[in-house]
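According to Swiss-Prot, the features are:
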- 45-52, 288-297: FAD binding site (BINDING)
- Cys145-Cys148: disulfide bond (DISULFID)
Amino acid sequence: MLKVNADFLTKDQVIYDLVIVGAGPAGIASAIYGKRANLNLAIIEGNTPGGKIVKTNIVENYPGFKTITGPELGLEMYNHLLAFEPVVFYNNLIKIDHLNDTFILYLDNKTTVFSKTVIYATGMEERKLGIEKEDYFYGKGISYCAICDAALYKGKTVGVVGGGNSAIQEAIYLSSIAKTVHLIHRREVFRSDALLVEKLKKISNVVFHLNATVKQLIGQEKLQTVKLASTVDKSESEIAIDCLFPYIGFESNNKPVLDLKLNLDQNGFILGDENMQTNIKGFYVAGDCRSKSFRQIATAISDGVTAVLKVRDDI
């Protein structure tokens, strides 16, 4: 059983059994199971509830739904959670301290939240191209969310960078809206599911640029041209484009917990054992921010459930 020394708290401050950071599939699953176990818990979510799936056009691999849009699935999950009337802080987490066996969570609205345990389920952040003017053109021709911004480019020319499932899925989606979709991939072979690739290859308004990387973003007030460089012979070419959607992977969203000195893998993802317990007692990790081999909706939910059941047993 976890013993908490909370002598530094004032009498009107609540100390929760559990605070869950993130309301994606992992966090929502944790919260549902936690509420059913009668844990006194709270959730912190500074972005759209539902997590990364709300930026996905179509989900076809989640049991119970042959085909469902990402926003619809995220809303279904979140409405299920809301039926339990949880405490939710709709704020961004700034940092976490650990004092006298109590976790202190600082939010961007100056609120401070106290808890015996934490399940950290913040998912991942989109990896940027890392080239000049990328931040400058964000919202002016650079977007990391096709489902959010595709309608702005109806009948126009767009590009997608990447070769995984996300890139291929969003290229398929954009092909139904844009005049032309340029798919830019640094390799000859895609990492995406073969069925998705075959589907994309059958779409007439998709142009493939394989063995190519984005070298330069060109434009004045907005993005106008993308310069590509061949990974084979270094030759360069240019594409006139209205918007570029990079889908080149993700990075761990670990900035608020770096001061805790959690054990991380070489890519910055948080290490947890089979029960999602980190090297700090009472601090658990679940979902895509955890170091693991596979990142799917189903695996995130499994992480979240495992973590909260361990919390239930330890409280």
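Using the three backbone atoms N, Cα and C, a Cβ is placed for every residue, glycine included.
Computed from a predicted structure; not experimentally measured.
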>> Cα-Cα, whole number of Å: Arg295 (FAD binding site) versus Cys145 (disulfide bond)?
In response: 19
>> Taking only same-chain residues 6+ apart in sequence, whose CB is under 8 Å from that of Glu45 (FAD binding site), what do you get?
In response: Gly22, Ala23, Gly27, Val88, Phe89, Tyr90
>> Using the alpha carbons only, what distance in Å do you get between Gly51 (FAD binding site) and Cys145 (disulfide bond) once rounded?
In response: 13
> Taking only the binding-site residues Thr48, Cys289, Lys292, which one has a CA atom nearest to the CA atom of Cys148 (disulfide bond)?
Replying inline: Thr48
> Expressed to the nearest Å, what is the distance separating Thr48 (FAD binding site) and Cys145 (disulfide bond) at their Cα atoms?
Replying inline: 13
> Measuring Cα to Cα, how many angstrom lie between Cys289 (FAD binding site) and Cys145 (disulfide bond)?
Replying inline: 19
>> Return the count of C-beta atoms lying within 10 angstroms of the C-beta of Cys148 (disulfide bond), excluding that atom itself.
In response: 13
>> I want to verify one value. Collapsing DSSP to three states, which class is Glu45 (FAD binding site)?
In response: coil
> Out of these recorded positions, Cys145, Cys289, which one has the fewest other C-beta atoms within 10 Å of its own C-beta?
Replying inline: Cys145
> Just the number: how many Å between the Cα atoms of Lys292 (FAD binding site) and Cys145 (disulfide bond)?
Replying inline: 24
> Other than its own, how many Cβ atoms are within 10 Å of the Cβ belonging to Lys292 (FAD binding site)?
Replying inline: 17
